[in-house]
Every structure is written in C-alpha cells, then in structure tokens.
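Asks: Have a look at the structure that comes next, please.
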Amino acid sequence: MKIACIGAGYVGGPTMAMVALKCPEIEVVVVDINEERIKAWNSEKLPIYEPGLFEVVKECRGRNLFFSTDTKKHVGEADIVFVSVNTPTKTHGIGAGRAADLTYWEGAARLIASVSTSSKIVVEKSTVPVKTAEAIGKVLKRNCQDPNVNFEILSNPEFLAEGTAMEDLKHPDRVLIGGADTESGQKAIRTLAEVYAHWIPRERILTANLWSAELAKLTANAFLAQRISSVNAISALCEATGADVSQVAHAIGTDSRIGPKFLNASVGFGGSCFQKDILNLCYVCESVGLKEVADYWLQVVSMNDYQKQRFVERVIGAMFNTVSGKKIAVYGFAFKKDTGDTRETPAIDVCKGLIRDGAKCCIFDPEVKAEQIFRDLSAPKFEWDRPNYSRSQSHMLENVQVQSDPIAAADGAHAICVLTEWDEFKHYDYAALYEKMVKPAFIFDGRNILDHAKLREIGFIVYALGKPLDPFLVKGY
Ligand code: NAD
Ligand code: UGA
C-alpha cells in the first residue's frame with residue numbers, strides 16, 4: 001500500500017511520521033508545494049519543532065517515509081491520499097472574516113483528479129466546514145479523465161495539540177473516521193481503520209457518517225475554546241471580587257462532570273485553529289439560518305479578544321496610565337509552550353496594544369525567531385494561514401526589539417509581561433532581573449506560572465491574572 005499526504009505542515013508532517021513508524025510495510029510520502037519546507041523535512045533541522053518528532057522522522061525517513069515536491073507522481077501512485085492543507089478564514093468577499101477559504105483544498109482535489117489513473121480513498125485531514133466532502137466529491141468526479149476511477153471520500157479529522165503532537169498521535173483518545181453509508185464507503189472506512197489499528201486499540205477507532213465527523217471536529221474545538229473563555233470570564237470577576245481563579249477552577253474541576261483540564265485562565269487562547277474553527281462554525285450556522293446559534297459561539301471569540309484587551313489595559317493602567325517610551329520585556333511569543341508556532345498567538349494583540357500606547361517591546365522567546373515576530377506583528381489579520389506566508393518579507397518595526405537573551409530583554413525595562421507558559425520562565429533569577437530594571441518594577445503574569453509571593457518579596461509589583469489584586473495596582477488606577 002502507498003499513502004500520500006498533500007500538505008507537509010504541523011498536521012501532515014507529524015501524522016504521517018507516526019503512520020510510517022507504526023506501519024513499516026506502507027510507503028508514506030508527504031508532498032507540498034513549498035520547496036523550502038520539503039527541503040527542511042529532508043534535513044537535520046525540521047521545519048516545525050515538536051518534542052519527539054525528530055527521532056521518529058530520523059528512524060523512518062528514507063525507509064518508508066519520504067518528503068517530496070513531486071506531487072503528481074506520488075499522489076498518482078497512492079492508494080490513500082490524505083489532504084492536510086490550509087483551510088484559512090476568508091479575508092475578502094462573501095463570508096470574509098468567518099467562512100473557511102477552501103481554495104487550497106479545492107486545488108488539492110483538482111490535482112488528485114488530474115493525476116489519478118487508479119481508484120483512491122481521499123481523506124479529509126484538514127478541518128473543513130460540514131458538507132465539504134460533498135463539494136470535493138463533485139470536483140474529483142468531474143475532473144478525472146478516467147471513468148473507471150472511483151474516489152471514496154472519508155473525513156478523518158485530526159485532534160492533536162501542538163507541543164504534545166507525538167504523544168497525542170501515539171495514544172489518541174480516539175480516531176474518528178466518517179464515511180458514506182454505502183458499501184464502498186464502509187469498505188473505505190475499514191481500509192483506513194486497518195491502518196490505524198496497527199497501534200490504536202479498535203475500541204478507540206470511532207466511525208460515523210461524513211457530516212457527523214466533519215461537524216465533530218468543529219464542535220470539539222468550539223467546546224475546548226469555550227472552556228477557556230468561560231474561565232477567562234471568571235478571571236475578570238475574580239479580580240473584581242478578591243476571589244482567586246485557580247482556586248475556583250480547582251473547586252469546579254474536581255466535579256467529575258466538569259473535569260480539571262482546560263481550566264487555566266490565560267491572557268487568551270491562540271493557535272491556528274480555535275478562532276478559525278469557531279468562525280467557520282458560526283458561518284455554517286448563519287448559512288442555514290441559525291443566527292442565535294452562531295451568536296452563541298461567536299461570544300467565545302469575543303470573550304477571548306476582551307481578555308487580551310483587558311490585559312493590555314491592566315498593564316497600562318498599573319504603570320500610571322502611560323507606557324509611552326517605556327521598555328517592556330515580553331517573555332514568550334509562541335501561542336503555548338513547547339512549540340515555535342506563533343499563529344494567532346495572544347502575544348500579537350498584546351504587543352500591538354502596548355505599542356499603540358507608545359511602549360517599546362523587547363521580546364524574548366526560546367523558540368521563535370526574530371524574523372517571525374516581525375512578520376507576525378506587521379501582517380494583516382488571517383494572513384498567516386496562506387501557504388506563502390512564511391516566505392513573505394519580514395520588516396523591522398519601530399518600538400519592537402527581539403532579544404535572544406532574557407536578561408538583556410529585562411535590562412532597563414519597567415515591566416516584564418509573561419505571555420507564554422515556557423517552563424524556563426519559572427526558574428529565572430528574578431532577584432537579579434529586578435536589579436537591572438527601572439523601579440517600580442512590574443511583572444504581569446499572563447499565564448499564572450510564577451511564584452508571586454516570592455516576586456513580591458523581591459520588590460516587584462505583581463499582576464497575576466484572575467488573582468486578588470496587589471494593593472499598589474488598585475491604588476494605581
Ligand atoms: P500548515 O500551514 O502547517 O500546513 C499546510 C501545508 O499545506 C503548507 O505547508 C502548504 O504549503 C501546503 N499546501 C497548501 N496547498 C497545497 C497544495 N495545493 N498542494 C500541496 N501542498 C499544499 O497547516 P496545519 O497546521 O498543518 O493545518 C492543516 C489543516 O489541519 C488545517 O485545516 C487545520 O485547521 C487542521 N488542523 C490543524 C491542527 C494543528 O494543530 N495545527 C490540528 C488539527 C487540525
Ligand atoms: C487545539 C486542540 O487542543 C486540539 O485538539 C486540536 O486538534 C487543535 O487545536 C487544532 O484543531 O488545531 P492547539 O491549538 O495545538 O490544539 O493547543 P491547545 O493546547 O488546545 O491550546 C490552545 C490555546 O489555548 C493555547 O494558546 C493555550 O495556551 C490556551 N489554553 C489552553 C489556555 O489558555 N488555557 C487552558 O486551560 C488550555
């Protein structure tokens with residue numbers, strides 16, 4: 001059997017590496033239009049950082065795992081074609097700012113149709129609006145020259161989270177496969193299930209109809225993001241009342257019906273999918289006349305924007321209502337720890353908010369390159385999800401400096417803002433940093449990861465999100 005995957009990104013790369021590792025008899029080829037990316041997959045420095053990924057790629061690459069730009073050849077030869085391309089939010093035209101842009105998906109489908117001389121299972125790995133399989137089916141059927149070629153479309157959404165992708169792929173809570181309720185649809189489901197059954201217990205391989213599988217992916221992300229917006233809404237109330245959001249989260253999380261995960265208040269959720277998928281879900285709802293349902297889910301995104309804005313206002317308010325000309329050290333730019341990914345990171349909006357008020361941001365992140373930070377801070381909304389984005393120009397920005405050393409970033413700063421929960425931030429010598437900073441020296445912990453009592457002992461004025469406010473901060477208003 002041969003598997004091809006179109007799209008060598010955060011999903012296509014790690015997912016196919018795991019398939020290759022667990023299914024040594026299957027040839028797996030990941031193809032992409034981005035030559036640089038493919039070159040990096042074939043090098044010692046992979047294009048994405050994911051713990052454990054390099055080891056797996058190293059073991060399989062050249063054995064039964066290949067990365068190539070020869071899309072036509074490998075897709076043409078494959079029995080199963082996964083499609084894991086970008087499905088960004090539309091930026092113009094009907095549905096701009098909400099609907100998923102299926103340009104890249106359709107492009108992939110046209111390509112599959114044009115090179116196919118044998119029947120194939122086409123697997124939707126990208127996150128797509130409900131009913132995409134129907135549209136893609138038409139594109140495939142009408143563009144294939146050979147009338148004997150049959151395409152069976154399956155929805156097999158990916159639930160991995162970045163930073164833990166390899167663990168998630170090795171031990172997923174479930175794998176979901178949706179297919180048509182026909183004999184050939186069910187056969188295709190069984191074929192794909194066989195692949196996963198190499199390492200995943202059968203009871204964890206769930207099957208469904210196509211539309212349920214497509215909708216389940218959007219719903220899962222909406223529910224996860226909703227928990228974060230819910231706890232973030234409560235974090236604002238905690239600050240106003242003297243309650244402590246960690247204590248509230250712990251108290252509710254011990255209720256087995258609620259559960260303890262995804263209850264960390266933060267400066268806001270980021271990442272490539274939560275916002276995009278909720279907007280996509282809302283657009284689907286609106287399209288079928290369910291405005292109230294769309295409004296309900298849209299509030300999850302609005303609350304997230306509010307949280308980022310609220311954080312910026314706290315910083316500026318605490319610093320005597322002016323950050324003009326003040327150096328602020330920003331610790332963390334990635335959207336979460338253990339990844340170099342900055343897509344929709346809350347750090348973008350927070351830094352932009354501070355810069356708008358005249359602050360000079362000095363950014364340090366252990367994994368994110370300066371070039372990426374400058375690109376993110378100058379790009380229009382949603383631009384990051386275009387295949388060319390990583391190759392687009394990166395401009396230096398006034399009032400933004402990127403430091404490769406956390407001590408230098410804090411030197412002469414009035415404040416430190418912690419925006420990513422990198423473990424190393426917990427272990428810095430804050431007493432030494434304090435000495436180098438302008439007084440009063442502030443720490444704004446947007447992730448609640450630092451030892452606040454210790455920081456206060458050193459002399460810092462501390463703002464910890466969702467915690468009782470420092471009297472100095474209250475007076476500062
Ligand atoms: P990505 O941008 O990292 O990768 C997509 C790749 O597809 C890019 O390298 C791009 O060059 C390539 N591509 C686009 N059009 C192509 C074409 N016609 N032919 C060949 N290559 C093409 O994106 P990603 O994070 O891997 O996400 C891919 C999909 O998976 C999205 O729909 C996303 O919503 C979904 N998803 C992402 C995650 C995640 O954690 N990142 C998790 C689950 C699902
Ligand atoms: C998320 C989902 O967890 C995956 O299941 C899904 O496959 C993926 O989106 C996707 O479709 O792209 P990911 O975005 O990689 O994965 O990372 P998460 O761990 O979900 O974190 C998302 C954001 O929420 C991060 O900014 C994180 O810091 C934030 N977060 C998470 C909180 O603020 N509080 C929490 O309690 C948990």
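Keep in mind that glycine also has a Cβ here, set from the backbone N, Cα and C atoms.
On a predicted model such as this, the values are computed, not experimentally measured, just so you know.
Annotations per TrEMBL:
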| type | residues | note |
| --- | --- | --- |
| ACT_SITE | Cys273 | active site, nucleophile |
| BINDING | 7-12, Asp32, Arg37, 85-89, 126-127, Glu162, 273-276, Arg343 | NAD(+) binding site |
| DOMAIN | 329-452 | domain 'UDP-glucose/GDP-mannose dehydrogenase C-terminal' |
Asks: How many whole Å apart are the CA atoms of Thr89 (NAD(+) binding site) and Cys273 (active site, nucleophile)?
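Replies: Here the two Cα atoms are 10 Å apart.
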Asks: List the same-chain residues at least 6 positions away in sequence whose Cβ sits under 8 Å from the Cβ of Gly7 (NAD(+) binding site), in sequence order, or say none.
Replies: Val30, Asp32, Phe82, Val83, Ser84, Val85, Asn86, Ala108, Lys125, Ser126
Asks: Could you state the whole-number distance in Å separating the C-alpha atoms of the residue listed as 'active site, nucleophile' and Tyr10 (NAD(+) binding site)?
Replies: 12
Asks: Report the same-chain neighbours of Tyr10 (NAD(+) binding site): residues 6+ apart in sequence with Cβ closer than 8 Å to its Cβ, ordered by sequence.
Replies: Ile48, Glu50, Glu162, Ala165, Ser272, Asp341
Asks: Looking only at the domain 'UDP-glucose/GDP-mannose dehydrogenase C-terminal' (329-452), what is the mean pLDDT?
Replies: 94
Asks: Would you mind sorting out which recorded positions among Gly7, Tyr10, Thr89, Cys273, Gln275 put a C-beta under 6 angstroms from ligand 2?
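Replies: If the test is a Cβ under 6 Å from any atom of ligand 2, the answer is Cys273.
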Asks: Under a three-state reduction of DSSP output, how is Thr89 (NAD(+) binding site) classified: helix, strand, or coil?
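Replies: The three-state answer is strand.
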